[in-house]
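Note sheet for the following structure.
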Amino acid sequence: MVVIEYTQLEELIIRIRDISGFDFSGYARPSLLRRAGRYLAKYDMDLGALLDHIEPGGSIVYELIQELTVNYSEMFRDPEYFKRVRTEVFGYLESYPTLRFWVAGCASGEEAFSMAIMLKEAELLGRSLIYATDLSNKVLTSAREGVFTLGNTRTFSESYMMAGGKHSLSDYYHVAYNQAVISPELRKNIVFSLHDLTGDGVFNEFQFISCRNVMIYFTLELRQHVFRLLYDSLSMLGFLCLGKRETLRYSGLEAHFKVIDSTLNIYQKIK
Amino acid sequence: MNSARDESLSLVLIGGSSGSFVIFEDIIKLLKNPVSFAVIFVLHRGKYSASVLPDLFKTKTDVHMSEPHHLDPITANSIYFALPDYHLLIGEDHRFYYDHNEPDFFSRPSIDATFISAALSGIPVKAAMLFTGSSQDGAEGMKLLAEKGFPTYVQNPEFAEFPRMPEEALLKYHQHNLLEEDKFYKTISDLLS
């Protein structure tokens, strides 16, 4: 761990913005501080050395942005959430002839794959389109390939079973070159595309949006802005799902949603 | 949004892993309403741990206990617990922040994550304590807190059920105060008074 102070972090934010145009000023400082510290420890350098290395035209600044923004992702994270979505939400969705899902901040795609599996088992996948977006092209490339590390399959299988999975997770991937690859059949209903929640706007209307463990990285102000975007992207009676420790609290939109599950943070737009 | 900010806020930080649950329970019994600071407990727990610590401990103290939400203000006279599967960070703005990135030393919550963020938050730390456990987690955070001039206390590894965690903390920084077996709860009780 390399420790940097808040004042130094501000210096880094300004430097990154000057060189790349990418603005971290709306990112929650405590987690940014932690990530920046971990980045420096990984490359065994101090902040001074990093500031010297990030130059216009160099690749380091983009690698740094990448590391500071990429979210850690798992299949069937919070299995009880998926279980609840299956029992509480899918029933509502069955009446729609076509369904649009948005996995916002999808990182390497695990959440989108999990959702596709759930939809397939509920026989809804055929009429569903899942838009999975992230601000990083690099993670999207990996997501499009459907690859995840084989080492994680055991934990993922456990979570899948706990989520009420009907088969075996291994039915949905094959192993090649020591990597697990999600089956193309699941991927064909998923569109991975570039979208920055903090800067880009509404691009479709959805019956279901999951944005889990993304907003915890934004400041209160930016978070309100992103909540507004998600709200505007939802159809009436559509569902919004947040991470287990995120709530609509401090969003300014509390009155526009009905709480479906207050522990797992599943909400329905009602006005 | 920062109106809840209390400039007199101070923190007591308590971290532990294997074997620490019973110590946490005994410390909670020492806390009587009102306490003039916020107490933050970080216990290593399994990712799927369903136990809600405020419920488990509710008969042990009359001080308000919670597993805080992201962005909740940190206030005195409160006991907080880090949740399983998230890092609990402390912000300069006296709010809690969750982080769901990589575990430290296979642990999420990580004691280091909370302790380091507290050390950098500018909020005074009245005391930080580290107990039994079989991990290296906590050592970096304790060192930083000590270097910032805050009082740090480590269970004497000789009587810790799992000595590794206090040992690692002492290896990283030799001058932590040792909590000795014979005066263990007496010392902690004095610190919390």
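In case you wondered, yes, glycine gets a Cβ from its N, Cα and C as well.
Taken together, the residues in the domain 'CheB-type methylesterase' (B:5-193) have a mean pLDDT of 93 on the 0 to 100 scale. The domain 'CheB-type methylesterase' annotation in TrEMBL covers B:5-193.
All protein chains shown were included, and the count of other CB atoms within 10 Å of the CB of B:Ser17 (active site) stands at 24. The active site annotation in TrEMBL covers B:Ser17 (among others).
Residues within less than 8 Å, Cβ to Cβ, of B:His44 (active site) and separated from it by at least 6 positions along the same chain comprise B:Gly16, B:Ser17, B:Ser18, B:Ser107, B:Pro109, B:Ile111, B:Gly133, B:Ser135, B:Asp137. In this structure, B:His44 (active site) belongs to neither helix nor strand by DSSP; it is coil. Taken from TrEMBL, the feature active site covers B:His44 (among others).
Summarising the annotation, TrEMBL assigns active site to B:Asp137 (among others). Around B:Asp137 (active site), a 10 Å sphere centred on its CB holds 29 further CB atoms from the protein chains shown.
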Where does B:Asp137 (active site) sit by DSSP, helix, strand or coil?
coil
